[in-house]
Amino acid sequence: MRILLTNDDGIFAPGLEALRNALSDLAETIYIIAPDRERSATGHSITVHRPIRVREACHADGNCCGWIVDGTPADCVKLALESLLPETPDLVISGINLGPNLGTDVLYSGTVSAAMEGLINGVPSLAISLASHREAEFEEAAAFARRLLPLVFEYREIFTANTLLNINVPPGKPVGVRLTRLGNLRYADAVDRRVDPRGRYYYWMAGKPFSPDGHDPDTDIGAVKDRHISITPVKIDLTDYEALDALKKWPVDWKGS
């Protein structure tokens with residue numbers, strides 16, 4: 001079993017190290033490639049207007065553990081699968097992210113987008129996040145990834161060319177696991193406008209997350225709030241097929257347009 005690990009928190013992030021330690025004896029080979037610094041909320045952006053620099057990642061003792069990329073999480077996986085790796089991995093795992101990736105936030109998430117890039121390149125992929133900002137709680141998320149890995153390989157038919165698994169682990173001790181759909185996540189007071197010493201406005205993206213749909217236990221947001229691990233299958237195909245069928249019924253000759 002060959003696994004590619006990545007993240008959006010940076011090559012030396014404790015979540016990535018916790019994941020590597022948890023899976024090291026289950027994999028024949030673990031490759032690691034990650035950004036040179038935190039690249040949260042970069043979405044699926046890739047770097048096209050400047051060169052991308054890659055170097056080996058080495059600890060102070062001289063042991064090298066992977067590649068550092070001065071690009072986005074999607075850059076990392078794209079480079080690994082299309083250029084750097086000597087062989088195609090069996091699985092891409094992105095995480096463990098410090099902080100949740102729930103609901104519509106998956107569209108902003110560098111963590112989920114890195115897994116999506118693996119999927120685009122034909123490799124089954126997972127994204128895993130800790131719904132907490134306390135680094136000491138990575139142990140539970142890493143242990144769940146370890147328990148899940150044999151199931152992922154036994155039932156790998158779930159991974160079509162169109163689907164990845166987005167996993168969110170609640171803080172503390174989870175009380176169970178739920179299979180969920182994406183919730184609807186919004187932010188109250190999302191833009192914080194300030195004034196610099198020269199009288200010019202500048203802005204911070206901030207805000208408190210909330211779900212306008214209220215508490216729904218069938219969503220990833222509701223599951224994590226109920227202290228359950230959430231597993232959500234996420235599709236790369238964003239086509240609305242019902243709307244597509246409805247458009248075909250419009251009195252318009254699309255072919256002649």
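Each residue, glycine too, has its Cβ placed from N, Cα and C.
Per Swiss-Prot, these features apply:
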- Asp8, Asp9, Ser40, Asn97: divalent metal cation binding site (BINDING)
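Listed in sequence order, the residues of the same chain lying 6 or more apart from Asp9 (divalent metal cation binding site) and placing their CB within less than 8 Å of its CB are Gly15, Leu16, Ala34, Glu38, Arg39, Ser40, Asn97, Leu98. Shown in sequence order, Pro35, Glu38, Arg39, Ser40, Thr42, Thr72, Pro73, Ser94, Asn97, Ser109, Gly110, Thr111, Ser113, Ala114 are the residues of the chain, 6+ apart in sequence, with a C-beta less than 8 angstroms from the C-beta of Asp8 (divalent metal cation binding site). Around Asn97 (divalent metal cation binding site), a 10 Å sphere centred on its CB holds 29 further CB atoms from the protein chains shown. Secondary structure at Asp8 (divalent metal cation binding site), as computed by DSSP, is coil. All protein chains considered, the CB of Ser40 (divalent metal cation binding site) has 18 other CB atoms within 10 Å.
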